[in-house]
Amino acid sequence: MTQPRPSEFIPPPECPVFEPSWEEFSDPFGFINKIRSIAENTGICKIRPPPGWQPPFACDVDRLHFTPRIQRLNELEAQTRVRLNFLDQIAKFWELQGCTLKIPHVERKSLDLYQLYKVVSEEGGFEQVCKERKWTQISTRLGFAPGKAVGSHLRSHYERVLYPYYLFQIGVNLLATGFTSFGDYSNCTSQKPTLTNDTKDKEYKSHDLPQRQSVQPAETTTIARRAKRTEGRCVKTEQGEPCENRPNLRRRMGSCVAKSEPVLNIPVQVKQEPVELAVPAPPEGEKSKVRKLDSSVVEQYICLVCGGGGDEDRLLLCDGCDDSYHTFCLIPPLHDVPKGDWRCPKCLAQECGKPQVAFGFEQASRDYTLRSFGDMADSFKSDYFNMPVHMVPTELVEKEFWRLVSTIEEDVTVEYGADIASKDFGSGFPVKNGSFKVTPDEEHYVTSGWNLNNMPVLDSSVLTHITADICGMKLPWLYVGMCFSSFCWHIEDHWSYSINYLHWGEPKTWYGAPGYAAEQLEMVMKKLAPELFESQPDLLHQLVTIMNPNLLMEHGVPIYRTNQCAGEFVITFPRAYHSGFNQGFNFAEAVNFCTVDWMSLGRQCVAHYRSLNRYCVFSHDEMVCNIAAKADNLDLVLACAIQKDMSAMMEEEKELRERAYKLGVWHSQQVDYEELPDEERQCIKCRTTCFLSAITCPCSPTQLVCLHHLQDLCSCACSNYTLNYKYTLGLLNQMFKSVAGRAVSYDDWASKVNKMLKPEREKNDVEDLRALMVEAEKKMYPEMDLLRHLRQIIQEAEKSAAMAQQLLNGKRQTRYRTGGGKSQNQLTVEELRSFIQQLYDLPCTIRQVPFLKALLTRIEEFQARSADLLAEDMPGSSALQGLVDEGTGLDVELPELAVLRQRLEQARWVEAVQQAGEQPASLSLDCMRRLIDQGVGLSAHACVERTMARLQELLTVCEHWEEKAHNMLTARPRCSLDSLETALQEVNSIHAYLPNCLQLKDSVSRAREWIREADALQFGGRVPVLASLSDLVSKAKGIPVLLEPLARLESLVSEVQAWKESAAKTFLLKNSSLSLLEVNACLGFFFSVPIYLTVLYVCVSVLSPELEELLVEGLLLQVTLPELQQLYQGLLSRFSPFHHLLQSSEHDHHEKPEKHPKRRLEKENPDVQDRDKIKKPKKKKPKTNKERRREEKRTISPSNSLSDPSYSDDSEEDWSVCSAKRCLQPEGNEVNWVQCDGSCNQWFHQVCVGVSAEQAENEDYICVNSDRRSV
């Protein structure tokens, strides 16, 4: 259907299951009374007999035969039946107009026409929904997904199928004054409705629910009436046969039509025509004459709307009353003549307006034996589930059953052999003098109280005082079930108990509601299916209606279930609604019984039946009087119950007789109503079976009424009435006194007990209650409710006192103790509070109560302190430990203890983390991981989560920096010192022990120290010694840091080593054992590098190129070499003619040198200016040491600097770049430069080195680097 598929059935909770011992099982009513306080709260219960109790199956299988009921499952469920009834009405409505109803399909699902009709009505009707454009809302309420434009389809289907029926229901017809033409109807619908169906639509097959019931005689069905009419006169000819009685005017006037258009509006009221226009049917002898009627006969038919006889081809003749109507005069008008039978509005109103017949089961046409029914049942189940019957799970059958009863698309029919009288074919239990012969070992089953033939007539059952044998109540009924056969919601007659025993077969599934929820269940079913109760107010008494337990539970009705297996009893309690179904082929037996506690409910039930005008199965007053007549032999408990019931009965009877006397009923007579059949003594108004009194009138001597309905007998005066009575009030009073005398001694004792047990009275000691118990035992009072109640109170008081003392002593026995010291069966605080309240509620005093109250006060104070402490974010562990110790000593199960222990573990962990954080030197990665592992096992808490998050974050950061520090220490190429220092700045903010980071810090410290040593060696004012350089280079290799001076130092050392090798090759003989230093030991004086250069300039012209190159390279090494000093000394002594030049050079060295005009002022054009702005020192291509030395030699050589013009050109690019370390990059049309007068000859912006134009012109400028070298 279009509405969402019902959710899968959810089984209700299980009802109680009792397994009595052999001793308990020996007294059926005693055991039932024992479990009553528990079982009546669920309405039903299951009893498993003790093992070994297996009565023989005594039914005569070969003689048993029965006609089962036919049950169509979807007709059983209340709401599904409402839908089926609605669809049947719609189908009948269209069938009477010659059309077949087909269920439309929307979104590939059958449309729920009932739900659509109901929802549209709730929204204000078709016109209102169209006016307010609510069809999208309608589609959503029907369960369709939004956004699929389903609303337009729903409107079309409603207008086509349901709207004509709606107009018929509200009474719109063609003769109504408000609708005299089609124009009036056009206001109701925008287009002409038609029942033309889509090819996907499924033809609806009417269920004809009322017509198939067993209560309906066959001749009254619609089909029979139609057949009878066809026999009288021909309405519809077959294959062109001539009509024998009356010409078929509709077919004659409206020739062949290709498409049927049914009547779409059904009027209810039809104007009565004063003249009968239909031609009467001729006698049989005149058939030939009728067959020859000419067109004048046709002219006799006129339209009842317009009164005209024209347009004969559009004139319709009703197949029910022969009235004629024009197709265009109908509301709505018909486009074509219908092909099938057609009914006018008057006949349609008569047929559809007939009252619904009460629903009931029809009987099967076949009679079964037990064996043939079993074969059919097993075959049905195995075919349905496609598996052997014993392999089908009960849960699957249950869900499938509730699915089938809720769908109208699947019609599953089963049969149920119900209410088979055991007196006709024998009970399943063995009975005395029965046809079934039992063995000596099975004799006890014949007299057992659990034998359903014996239970209703046991001494403790009040039904034994009913003289008539009532089938189903005093005599068991048999039930033969098959899969899905069901028994609907009902309560037992007179609200009595019932007991059902499953002899054999597959389980029977039961559902029950407690007696206190009976009215609630009735109210819910009436609310959910009001249409059924409108036509059948006593529907639930007919046992023909079922409703899904899940639906009832959703509306607050308590429902319980059970699966009754073979050999088990199910008992239903007074006024407990119950229903169920069979899982498969089985055989069960059931009967009713009534105990003493039922007496008051039985009288209430009679009053309830009177309000429903429902007949009684037996007379309750007659049963009470029969029991009272045996007062001398009555059981004390029954005597007391009868005394109370008789008191109420006599009081009511006295009031009714006095009322009748006041109304004028003065005649009376004695009548023995017990001798009359029940049918002859029923009140004609409420159908109550009369016994004590009744009213009759001479005008109708066979009719009578009860005194409640005295004025409903007839119209005669009350003075004509006669009061018929069974007993006078005096005789009733004597019977009452006899019963009271039997119960008086018990009443005295009972009054004492009730007085002591009153809650508002001052409590007595438990010893006073024991005295009453002793009195009852001495007088040998039978076991009764009050005696059992007194015994139970004494036992509870003694048990409570002993338990209270154990609680106070702290020595309460426990089965075992857990590792935490908690007793397995310790009382909870609520149980202790409830226990103390229970002690207060006892009708006697317990001396331990004040002490338990003090213990409870201590516990409540402990809970209050615990709540305050636990409200803190994270309390201290010492405070928590103190509360844990206190709570452990209270010997009560305190839920706060578990929370306190958890919080204690959390507090200890948080404190451990805090302590570790306060000592960063010991907070290693392993320590953090260990703390995290400990914290993971703790329960969730905000403080723990925050601490864990911070610890996790710290661990993540530490692991990251440890890994990063390790990578930086092992990186190739090594990281620069700046990057390491930047990393250390971040690491310093981490308070934890990080070995790699500490190693990184040490490496940075060593790198800084090395750089300081390198700077001191390089810029200390002295030329470094080779040994110092070598030591510094070796030290740098152990530092995992990129040291920028290291590469230059390593290169310098390599150059020195290369020069020494070249010098050795030049000055030493091959394979000489002497070093270069030893060879030149004779030269002992030393000159500074500038003097070497001066001599070199003088001597280069006379030295060989190789020697010249060697000397220049040695002078440029910037390292102090003894070999170079001795070599220079030797050369100086060799070239003595140039000694005066040396002296002159030395003299000039001390005098102010001649100033040379080396200042330069450049005027640059815009292009040059832009180049100066953007040009940066370029990274030149690396050169070998030898090439660099040659370039430096050319730079130093005066001849090259003076004679080689290309040098200036090549250096123009270098001059355009300022050599200052921090060039300010001056801009403008004029840029002033200055050249160093020292050894480097580099150019600088004047503004970059702080030199003015005047200073640069008049004074020598020596840059910092040249100054250091000169020093």
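Indices start at 1 and increase along the chain as displayed.
Each Cβ is built from the backbone N, Cα and C atoms, and glycine gets one as well.
Bear in mind that the values here come from a model prediction, so they are computed numbers and not experimental data.
TrEMBL lists coiled coil for one of the ranges 367-394, 647-674, 787-814, namely 787-814. Scored by C-beta pairs under 8 angstroms, the domain 'ARID' (80-170) has its highest count with 300-350, from the stretches 15-56, 300-350, 444-610. Residue counts for the domain 'ARID' (80-170) by DSSP state, with H, G and I taken as helix and E and B as strand, are 61 helix, 6 strand, 24 coil. Residues in the domain 'JmjN' (15-56) partition by DSSP class (helix H, G, I; strand E, B; coil) as 16 helix, 6 strand, 20 coil. Mean pLDDT for the domain 'JmjN' (15-56) in this predicted model: 93. DSSP labels the residues of the domain 'PHD-type' (300-350) in these numbers: 12 helix, 6 strand, 33 coil.
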